[in-house]
Amino acid sequence: MAATTDTRPLNASGTYTRTSAHELEDRQLSIDNIMSQAWKSWPNEAGFVGLNEVRGPVALKVSGTIPPWTAGTLYRTGPGESQIETATRGTHYVSHWFDGIAQTHKFSIAASPSGDVSVDYSSCLQGKKLIEDIKKRGWRACSTFAQKVDPCIGIYAKMQAVYKPLGTDHNVVVERNLPGLFESASRTDPTTKTENLFVFTDQSTMRQIDPITLEPLELRAQAEMNPKLNGQLGCAHSQRDPENGDLFNYNLLLGPKVTYRIFRASAQTGKTDILATVSLPDIKPAYIHSMFLTKNFVVLCIPCTHFGWNGVKIPWERNVADAILPFSESRKSQWLVVDRRRGKGLVARFTTPAGFFFHSINAFEEEVEGKRTLYFDAVWYANHDMISAFYYDVIMDRHEATQKHWVAQEAYKSCHQHLRRYSYTLPEDRNVVGEGDLVFDIPGPHVGELPTINQLMSTRQQRYVYSNAIRGLSTFMDCIVKTDLVTREVKYWAGPETHTPGEAIFVPRPRGENLQGQECKEGAGAGDEDDGVLLSVVLDGQGKRSYLLVLDAKTMKEVGRAECEFPVGIGFHGLHAVAV
């Protein structure tokens, strides 16, 4: 007997399915939810205000079944506290989610010989020195991502900030076993012990932290990997070769001669090589949060988030967001294709329509009759209005900012996510600047932000993408959605009202084990792309506490959870390192 498909309405809670036939209907319903202010009954403040460091470890209450093969460590990072009491100027309010004071979290998952699983939690506030400086000054002295400048500070203080470097508070991406800074080899093999741990942001520096205590250690720089990497900006999301652990990133030098340097740090030798140096009149400096990797190429897409004054506007404005030029559809997104195997440097350029993306998903290539075609999946926006959606006033519905942004300014039109696949067939003449083709476009809420995949599919054509969608029921992302790129069917996990999920991290099931960790025969489902679980930290905004949610990645049904008696900050990204 065929299994029935649960196609409950979009606004439902629990686990349910929607099909490609519902795409336009669901997009309109999410807009209707926004316009009717459905988000008024979904508080998120507990995930951003009044957060505490928990040095721990604190044992969490486990219910259901957490598979023993998830044993290891889930690292999460993101913003912690957003309000700081100062000695001279009252309360300092952090303006934007991306600028929240860095806090790193660790969920330690342990399995006993009998298969029982326990989970401990601890966290560390990375930005203690920054907090002390803010308390002393009354304001944030360094450049930020989007902090609103206090008009009372004055021009002298603003001029002082022009000569200060970008901030050293890193809160976006956790990366382990980083090559290029250490002599020993560093691999991304999940069974490899975590030798070093770093937190990245969109700068050319990264913060090393202790993998056990999470305490901040040294501030390191790309220039230590190669002295030519002397620019100010880099990519928060490095790419890693899934076979050998090599790391790929870019370095952006702002100023009179804007220069992009795309580089590789070898996991085998520790040496960092510059694969391409690009400095061309039509290649503008831009805010770029992620990049792409195929088996033979590393690809940088420069979206339409260009900086004014060749990037010098960043220190003048004292933040990145205000230095971005107004969006124009006349500017196209520029793509740079760099060879990573044979030392050929920049081998192709192409363009796609104007747009913006935070997160790449995956990339792969196909060769047919001697023609090589590259494919790129990412979550796109019509423009960069989504940056403004993450101001704390909008997220927490303060000063009518949510209504102003989403309704009055009509952000509901431009801030819907689109999962787009672009393709480009490499020409024989590398001097030809071609145009990429749109393969498909899946609109939100059938896709969302913070996309993840089974990392075993990196650089290969994947079928499933997991992300956090916006149904308009919250001022923020309000559910987890699994998108099937073949059938365009989607499966949702939606908690009760006010339960806000974080990024869903895929952990593959080892062959020969079931969800209970028991040996089972190889058969249907074993080794499938979606054969594993998702780990997501969920905030109960009404109850002001969080829990680690474990979902069966095939069915999107809950199999277990570990509950905190306190809220964990709604953060950005994390990684799972298996126990060794």
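Yeah, the Cβs are placed from backbone N, Cα and C, and that goes for glycine too.
What TrEMBL records for this protein:
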type    : residues                       : note
BINDING : HIS237, HIS289, HIS359, HIS573 : Fe cation binding site
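Structure with TrEMBL features highlighted.
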{"residue": "HIS237", "record": "Fe cation binding site", "DSSP class": "coil"}
{"residue": "HIS289", "record": "Fe cation binding site", "DSSP class": "coil"}
{"residue": "HIS359", "record": "Fe cation binding site", "DSSP class": "strand"}
{"residue": "HIS573", "record": "Fe cation binding site", "DSSP class": "strand"}
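The C-beta environment of HIS289 (Fe cation binding site), restricted to residues of the same chain at least 6 apart in sequence and closer than 8 Å, consists of ASP202, CYS235, ALA236, HIS237, PHE357, PHE358, HIS359. Long-range Cβ proximity for HIS573 (Fe cation binding site), meaning a same-chain Cβ under 8 A and a gap of 6 or more residues, is found for ARG76, THR77, GLY78, VAL172, VAL173, VAL174, HIS237, LEU450, GLU503. Each of VAL172, VAL173, ALA236, SER290, PHE358, SER360, PHE572 belongs to the same chain as HIS237, HIS289, HIS359, HIS573, is absent from that list, and has a C-beta within 8 angstroms of the C-beta centroid marking the Fe cation site. When Cβ atoms from all protein chains are considered, those within 10 Å of HIS237 (Fe cation binding site) total 18, not counting its own. Other Cβ atoms within 10 Å of the Cβ of HIS359 (Fe cation binding site) number 19 in total over all chains.
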